[in-house]
Amino acid sequence: MKDLLRLKTSLKEEIENILNEQIKVEAHSSSIYLAMSSWCDDQGLDYSAQFFEKQAAEERVHMMKFFKYVNDRGGRAISPEIKNIPKDFESFRAVFEMALEQEMHVTQQINNIADKCMKSKDFVTFQFLQWFLEEQIEEEYVARRILEIFDVVGEEGTGRWEIDKHVQKVSYSGE
Amino acid sequence: MCRNFNCLDELYRTEFGAVYQCNLKNCYWLEFAGEWYSLNVSDFLFFKKEVDSIDIVSMLVDSSRHSDVVVLQSYRARRCFVLNAVEILQLKDLLSAARFMIELNSVIQECLSYSPSTSVK
């Protein structure tokens, strides 16, 4: 009997489902960053607003990489429904704490996918994930370093203004 | 789509229906409640996900009349399914078992295509 399933798709159902879940996670991240950008803009924190706008665009690029991969391998990528995006945030610092938590959550999710790929011997998808795992080093580093600036500079006086200015300068060289 | 019984392989049968694979047209045939529906591979997998996602418990708990049935539309099957809770359970069972047989066929094909001579030195 013909193997119609493999003629159609190279992805196992379990892997396709978790990749679609990841599409949702990335889209959710993108929307949260956009909400953070809007909040920062409203608070007069221009550089942070730009930082989060750029982060939102990056998360969408990540989402599209997963989206395209699922379709390219013969699966069916599902356009995600995004709900529960906060509109208000407790404080300037809380925004960056939430950003770090979000990045740590994404890293954990990608680790889980990599683990499932190894167990089901899907080394093609495992290889595809390597780029994301490396990317997460940078994402977590940047969010963590910005939080450290809060401790170094302090929020009193012109502290918030100073921190906002420094946000754009934080980068990861990987060396 | 023309249904040619000579090229249909039965994947799974219950007392309520059956799923067949057509090797000529590369599609599946679903026989359920006296009707026949043809679905390509992608549509079959998507249709199964739709059926699996139906929340039977909330259907049973909800006392409103509209919750007694679920209408499922498969665009290319040219028909819709109007199913009560019992029929949904029957269809879920049938599709899950057929999906398992499809996966089993893939595993068997993979094993058959694996040549032991490549691994034994």
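Numbers run from 1 along the shown chain.
Cβ from N, Cα, C; glycine included.
Pulled from TrEMBL, these are the features on record:
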- A:E26, A:E59, A:H62, A:E103, A:Q136: Fe cation binding site (BINDING)
- A:9-154: domain 'Ferritin-like diiron' (DOMAIN)
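The sparsest Cβ neighbourhood within 10 Å, among the listed binding-site residues (A:E26, A:E103), is found at A:E103. Listed in sequence order, the residues of the same chain lying 6 or more apart from A:E59 (Fe cation binding site) and placing their CB within less than 8 Å of its CB are A:E26, A:A27, A:S29, A:S30, A:Y33. For the domain 'Ferritin-like diiron' (A:9-154), the model gives a mean pLDDT of 96.
Secondary structure at A:E103 (Fe cation binding site), taken from DSSP and collapsed to helix, strand or coil, is helix.
Cβ neighbour count for A:Q136 (Fe cation binding site) (all protein chains, 10 Å cutoff from its Cβ): 19. Look at A:E59 (Fe cation binding site): DSSP puts it in a helix. According to DSSP, the domain 'Ferritin-like diiron' (A:9-154) comprises 116 helix, 0 strand, 30 coil.
Note on A:H62 (Fe cation binding site): other Cβ atoms within 10 Å of its Cβ, all shown chains, come to 23.
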